[in-house]
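Feature annotation from TrEMBL assigns transmembrane segment to A:45-64, A:71-93, A:105-123, A:135-159, A:171-187, A:199-223.
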């Protein structure tokens, strides 16, 4: 197995990952700013980003902690946001499953939206590549994406400490959530899921311990899945 | 202000939980297909949770003591429309921010 083949897969991945810098950097910075506004230190902000390495789940956890939601609700809600990682993990098994355990541990840690999406497309395009090349491609995509998630969270945390918490900054987080959701409403099923969970979230606001959020999410998921099953896409 | 103990409990639990979700199939379950109904539900998780999380924040913002605020409502709806039609995360983010900033500096 020529080493150069592995390296060329790595660099192809690196090039495919590069453009996502533009997506990662602002969101990581925003997380850093909002985390320090919520009272987290720079170290805590970076530790959070390294440990969890998932934008929307980190934002969700931060928001719920600011609302003083019970810890179990914070944790369960953020993990529901991250359930799609299990879907990515399943989807990568046919390609990366034959790797030795330690490489699967490394790959699993770096499964994020970008690494999954880029790899899934590339593995379809290059079915002849062996598993070492596939792993190299995956790590190539990861290289300009994941470390920057930590670096820019730190940068945001430094910035956040110097930005006065002005009126209106409280709304940066909701706007960030909307910016993540609205472009994802591609199909009628996605729209149905989102609409249902919006209405349920408003209707169930009285439910104690922020549990309305979890019920509303499950309701939205069920509606989306049922619409898809009936072919309403 | 977020309690430090609570924060570290959340960070630890999310670290373990998120890695668990990522490792679940690649590391443990292996090459077994997930039931179709599970996959179908998983496709809608992110959209459903984030929508449920954001709606009450838009309709009853904490910053105004839970009073519906026309500016925040308009910023949110603009962001939804731009995000939906342009499919651009940045378009939505920029539009929402622009409305909030414009309102903050509007000569009252």
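Glycine residues also receive a Cβ, built from the backbone N, Cα and C atoms like all the rest.
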Could you pull out which residues elsewhere in the chain have a CB under 8 Å from any CB of the transmembrane segment (A:199-223), counting only those six or more residues past its ends?
64, 67, 69-70, 72-73, 76-77, 80, 192-193
Which sequence-distant residues neighbour the transmembrane segment (A:135-159)? Criterion: at least 6 residues beyond either end, Cβ under 8 Å.
6-7, 9-18, 20-21, 24-26, 28-36, 40-42, 45-46, 48-50, 53, 55, 96, 99, 103, 106-107, 110, 112, 114-115, 118-119, 122-123, 129
Same-chain residue ranges lying at least 6 outside the transmembrane segment (A:171-187) that approach it to Cβ under 8 Å:
27, 30, 33-34, 55-56, 59-60, 62-63, 194, 228, 233
